[in-house]
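**Q** Okay, handing you the structure first.
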């Protein structure tokens with residue numbers, strides 16, 4: 001007997017046959033706990049992105065050499081991105097060789113060390129070294145968390161669960177502005193702002209001691225019995241994202257507010273808190289729609305209100321796509337390559353924004369970012385495949401079919 005499956009585009013049809021096996025976001029507390037624990041890496045990413053924007057205002061007050069040099073300010077911000085770029089490049093290899101769990105714990109140790117160095121920095125150059133260490137940790141975490149979550153998630157909720165990592169990023173940004181505001185009247189303002197960032201890393205390290213390794217990584221390493229044990233507990237059995245300029249807004253939003261004429265540090269931080277809240281709220285919307293509308297939802301984030309429309313689309317979608325489109329044996333290294341491109345793009349934007357804004361004006365600078373966003377629309381339409389509801393094997397098959405079509409055309 002031949003069984004014909006009729007299903008929606010982007011769906012494998014398996015769950016249409018067996019709807020009782022469909023899993024909801026909150027249907028398995030074990031997977032949800034694993035997702036939240038791994039997502040603390042996103043919290044570190046987000047907190048570091050946001051906290052430097054407020055801390056920079058007070059670092060300039062303590063170090064006159066920083067206040068007098070836009071380049072030094074950009075370097076303090078972007079040195080974390082240099083570290084993240086290198087961390088992401090190495091993170092793919094670390095993930096494939098040592099596993100997702102050990103890679104996460106390594107990132108936590110490096111990040112916590114960087115937080116201590118930043119908090120104790122006697123001059124801006126030691127601070128820059130601490131920023132580099134923090135960046136290394138963030139870079140490894142940016143590769144590991146999406147892959148770890150994706151490999152533990154059922155296909156029908158994989159996009160939403162991976163996007164939880166992005167919610168943690170935007171939540172971390174929002175939290176950083178709250179922390180910044182809380183320490184504005186405390187002696188050693190920026191030291192507390194930066195030092196507190198080590199706390200989530202310590203928490204994640206402890207929690208990861210009780211988390212399993214990725215079952216897919218265990219299978220890849222021929223540790224099948226361990227993989228089956230993990231699966232039994234679970235189932236009872238990059239460049240456009242950064243070049244659209246989102247992290248420029250998060251890194252420099254208080255400075256941008258002051259450029260607009262609001263010179264009070266406290267008022268600049270308060271207005272920036274509103275920006276972070278919009279970003280976090282938009283990500284919640286994105287988590288819901290990504291498994292209902294698919295990754296091409298990214299298009300919706302490239303028009304109208306900047307933050308509100310970035311957060312549901314280009315915020316979570318690239319990280320989700322990056323965690324699921326690569327073949328199993330290359331997922332770690334390819335994820336590392338993609339994250340490295342993401343961080344290089346991030347570095348270019350962060351290192352040049354203030355200089356371009358001073359030379360050409362804030363309006364022209366954002367028009368340049370808008371032009372890049374239009375190019376991203378074209379790229380998504382032409383090149384990004386729809387992966388909604390597909391298993392990893394089915395996604396891999398998409399690329400094999402495309403490669404076969406190109407081979408036939410070439411002949």
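Note that Cβ sites are derived from N, Cα and C of the backbone, with glycine treated the same way.
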**Q** Need the matching range: TrEMBL marks transmembrane segment on one of 233-257, 333-357, and I'd like to know which.
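**A** Checked against TrEMBL: transmembrane segment maps to 333-357.
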**Q** According to TrEMBL, which listed range is transmembrane segment: 192-211, 212-231?
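**A** Residues 192-211 are the ones TrEMBL records as transmembrane segment.
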**Q** Which stretch does TrEMBL mark as transmembrane segment, out of 99-122, 267-290?
**A** 267-290
**Q** For the transmembrane segment entry in TrEMBL, name the matching range from 1-20, 161-180.
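**A** Within the set 1-20, 161-180, TrEMBL attaches transmembrane segment to 161-180.
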**Q** Would you kindly check 30-59, 71-93, 128-149, 161-180 and say which stretch has the most C-beta pairs under 8 angstroms to the transmembrane segment (192-211)?
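**A** Answer is 30-59, with the largest number of Cβ pairs below 8 Å.
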**Q** Do the transmembrane segment (30-59) and the transmembrane segment (128-149) share at least 3 Cβ pairs under 8 Å, sequence separation 6 or more?
**A** yes
**Q** Which bits of the chain, at least 6 residues beyond where the transmembrane segment (128-149) starts or stops, bring a Cβ under 8 A of a Cβ in it?
**A** 34-35, 38-39, 41-42, 44-45, 48, 52, 75-77, 79-92, 94-95, 100-101, 103-104, 106-119, 121, 161-162, 164-165, 194, 197, 201, 214, 319-320, 322-323, 331-332, 335-336, 339-340, 342-343
